[in-house]
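Peer 1: Okay, here's the structure, questions in a sec.
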Amino acid sequence: MSGNTFGHVFRVTTFGESHGGGLGVVVDGCPAGHPFPHARIAEQMARRRPGQGKLTSARQEADAVQVYSGLEPETGLTLGTPIMMMVGNSDARSHHYDDLAALYRPSHADYTYDARYGLRAVAGGGRASARETVGRVAAGTLAEDLLAALHGIEIVAWVAAVGDVVLPAVDEATLTRAQVDASAVRCPEGHVAEDMTAVIEAARKQGDTVGGVVRCVVRGVPAGWGAPVFDKLTADLAKAMMSLPASRGFEVGDGFASTRLRGSQHNDPFVKDERGQVRTVTNHSGGIQGGISNGEAIRLAVAFKPVATIFQPQQTVNRAGEAVTFQARGRHDPCVLPRAVPMVEAMAALVLCDHMLRARLATMDGLRR
Ligand SMILES: Cc1cc2nc3c(=O)[nH]c(=O)nc-3n(C[C@H](O)[C@H](O)[C@H](O)COP(=O)(O)O)c2cc1C
């Protein structure tokens, strides 16, 4: 397996390199008859793209998605056949990467790609570049649109920490993308967003980078999605999030903080609500128990590292193993957190859409039309 495909029923294969002809995705397993969400995909692609201001890489890419297959031309409905989406690369400055063929950037993927394949696409970092996520965000937004249409599901991610600046809490029941996008850093609390911006600006001026945490809530997932052993929702979400470039940690519910609680504090008591629905009073579990959704909001967090490309001299070795000093050039993100927000939303949508379709195949009721 090459590791370019994700999902079981709703399957995506991404393709393309950062400085090649373009990048995209083939989606296989999308149900027929769904109105293709062109506008929604364009919106999420705009939130993902570089060139959004001083906090992101200055590379200018329009990232307009072309759809090559899988839609009925007259109606724009999905045909149930593979959907191929692609964006071109127009602002690649490959000469900035000339030195990199012969040396290994510290904490980037040059050495490990060489170790794995014996060669690599040097310019722009090839598939190690976050440009690979173009295909994920396009496919994830289609998945999100299916989840919204069939179950009214809403997915909202936000920047919850940058360096030492931490957003204490938000109202996860009502938070909207508009509130998240009120600041360029994508933190919904104004004064915290300002502090985060200052930290990113300071890092950028020092030629350095800074990491942080994206949190995400998924509202409206019914009880009963997931699988009990290997393909637990927790496990699939962990794999999805940890497949994002620069991700270094993953939590569901209270995550690592749950280790500081007693069972008596962490347990989520069950009650029946006014509609006779089984609910929990609290949601420390993050909406998943035994690998299966319990009908509460799914709450997760992803930690992103301070990315590798800093504009300071660094010690490394070349392909011959000789010690050299490396000085980066080009356009890079001083902090990837604001752009990671739509990527986390997309990966959550891909996992949940796959499990929505799998849940339908799991029972006789789901199979009856
Ligand atoms: C939105 C986003 C933007 C990124 N931009 C850069 C960048 O400008 N420079 C860089 O060195 N790494 C960047 N990265 C991270 C690299 O793609 C990643 O660190 C590299 O592939 C090595 O993989 P690893 O960090 O997951 O081990 C970015 C990641 C994300 C999510």
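Glycine is no exception: its Cβ is also placed from the backbone N, Cα and C atoms.
A TrEMBL annotation is a machine prediction, not a hand-curated record.
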Peer 1: TrEMBL has Arg127, Ala128, Ser129, Gly290, Lys305, Pro306, Val307, Ala308, Thr309 down as binding FMN; which of Arg260, Arg262, Arg275, Arg331 does it also list for that site?
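Peer 2: Within the candidate list, TrEMBL flags Arg331.
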Peer 1: Given that the record lists Arg127, Ala128, Ser129, Gly290, Lys305, Pro306, Val307, Ala308, Thr309, Arg331 as binding FMN, what is the largest C-alpha to C-alpha distance among them, in Å?
Peer 2: 44
Peer 1: What is the one among the binding-site residues Lys54, Arg127 whose Cβ has the most other Cβ atoms less than or equal to 10 Å away?
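Peer 2: Ranked by Cβ atoms within 10 Å, first place goes to Arg127.
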Peer 1: Which whole-number value in Å describes the distance between the Cα atoms of Val307 (FMN binding site) and Lys54 (NADP(+) binding site)?
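Peer 2: Cα-Cα, rounded: 16 Å.
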Peer 1: Do any of the binding-site residues Arg48, Lys54, Arg127 touch ligand 1, in the sense that the CB is under 6 Å from one of its atoms?
Peer 2: none
Peer 1: Give the residue from the binding-site residues Arg48, Lys305 that has the most other Cβ atoms within 10 Å of its Cβ, counting over every protein chain displayed.
Peer 2: Arg48
Peer 1: What three-state secondary structure does DSSP assign to Arg127 (FMN binding site)?
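Peer 2: The residue in question, Arg127 (FMN binding site), is helix (DSSP, three-state).
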